[in-house]
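Student: Feature table excerpt (TrEMBL):
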type	residues	note
DOMAIN	16-298	domain 'ABC transmembrane type-1'
TRANSMEM	20-40	transmembrane segment
TRANSMEM	52-73	transmembrane segment
TRANSMEM	133-151	transmembrane segment
TRANSMEM	157-181	transmembrane segment
TRANSMEM	242-260	transmembrane segment
TRANSMEM	272-296	transmembrane segment
DOMAIN	336-571	domain 'ABC transporter'
Ligand SMILES: Nc1ncnc2c1ncn2[C@@H]1O[C@H](COP(=O)(O)OP(=O)(O)OP(=O)(O)O)[C@@H](O)[C@H]1O
């Protein structure tokens, strides 16, 4: 938690003023029983109505002042806590954005969402409550004790017994409930994760008609959450009867001893009433302190989980471009090359790629083909440095990708991932993600090449058409074409199409490849596909099998030399068709 407190640095003033106002309010609260005592001992005893009115007015003024202080304290504490939460959320988001694919894979995106949202909220509530009550509650308890002693030390001895007893009971209940509250938090996380997964995968769930199973799983998790909440609720509920028994016993004792003191003339009736008030104030302050500690413990647990995310160091960091730029004098002829690359995913014992070497010249089209899980996506993800190689080297423009500033490298390499993801916003907003200053003309140009012009032109709002979250108001093929257009808007030197035309019909796929070849000036294009038709016209084809490069050459060369390639082609075309293409 201490590490996170730096996010309060812009709210130092609020963090001090808030608790101070709360202390001021507590001071007014501590004075009230004394005024009450005076009303009883002077006003009522002497039938002095004017005195009672005057003191009543003082009480009202104190009440208004107390309320004002309380509101101000609330305002400053809330301002500091919300500011803290916002700054923390921004930094956490920024940090997560900078994590590489490897760290996100390891943590899991759902967990990161929960930490960004509910954990940050929990810490924010903790800060708010601490600022308001951390000083106030102990101040009231100590203040009430001191006031009780100043009134009558003998009667105040009741406090000496009652307050530790109360503290002991509250502490005992906290010791039992705090681990249970942590469990509640964990169960709540489970419910949140299940909800998120269900909502994002709702179409798949419906398609496979697994709603019943999903509902049962959800109900099970939700029931578990309810059971544990009921359990902890019952224990917490025993706090009230137990503490009230102690306080009422204390009040009886105060009245009992107070009565004796009044009889012998050592105390007044008003003072007895004041002691009773102090007893009640102590109880309320201790209960508030217990709630504060419970919330604070939950906030601590959340802070720990947030710190775990901050502790993840981005695996991909900027290289020192200046140093290496000196060495590069001539215009590079090779766009992308790999030198004996081997790659293992984190915590995987089997390599996803082994000893891969190839060279792609500027303007060439490289096809990558292979069975599912053969390493095609992994291979292309090493070019924009989504992952770093385990062994070997990857070059873009004849420079090791690790020597580039990550942003600079990725501006050269446009990637269209397997899963077409669009964002909520207009088509123009989505296209401008490719390049912020792209003009409408350039966007239309890219849409034309990506065979996506008709999608936009058929929409009444054209580029201003609003896409729903994930582009769900478009078909799979339309989404794919728009994501290709988005990558083209950037006009990258290297374009990677990672199975991103799989939802297109053969004619559109062929038109797309033709347009990319004609419209993109000297762009090096990687086409990953399981369809031989999509890559057979490429200048070079890489054939992958279980992470190994089992073939590298043109369609004709591979048909003669590469068994795996032959198998793929013959499984997709008739012998005549294959020979036609030769
Ligand atoms: N994020 C990941 N973490 C761990 N292993 C992974 C990860 N992504 C892929 N793999 C593993 O690496 C291997 C290669 O996967 P990759 O996605 O590159 O194959 P692919 O040829 O693109 O498959 P497909 O055609 O089905 O998309 C597979 O064995 C896969 O299980």
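Here the Cβ of each residue, glycine as well, is placed from N, Cα and C on the backbone.
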Student: Which listed range (52-73, 133-151, 272-296) shows the maximal number of Cβ pairs under 8 Å with respect to the transmembrane segment (242-260)?
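Tutor: It is 272-296, which has the most Cβ pairs under 8 Å.
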Student: Short question: which residues 6 or more past the ends of the transmembrane segment (133-151) have a Cβ under 8 Å from it?
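Tutor: Distant contacts of the transmembrane segment (133-151): 19, 22-23, 25-27, 29-30, 33-34, 37, 159-160, 163, 267, 271, 274-275, 278-279, 281-282, 284-286, 288-289, 292.
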Student: Same chain, outside the transmembrane segment (272-296) by at least 6, Cβ under 8 Å from its Cβ: which residues?
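Tutor: Hits for the transmembrane segment (272-296): 29-30, 32-34, 36-37, 40, 125-126, 129-130, 133-134, 136-138, 140-141, 144-145, 147-148, 151-152, 155-156, 158-159, 162-163, 166-167, 170, 173-174, 177-178, 181, 239, 243-244, 246-247, 250-251, 254-255, 258-259, 261-262.
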Student: Six or more residues out from either end of the transmembrane segment (52-73), which same-chain residues have a Cβ under 8 Å from its Cβ atoms?
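Tutor: Tertiary neighbours of the transmembrane segment (52-73) are 17-22, 24-25, 28-29, 31-32, 35-36, 38-39, 43-44, 131-132.
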Student: Please average pLDDT over the domain 'ABC transporter' (336-571) for the predicted structure.
Tutor: 87
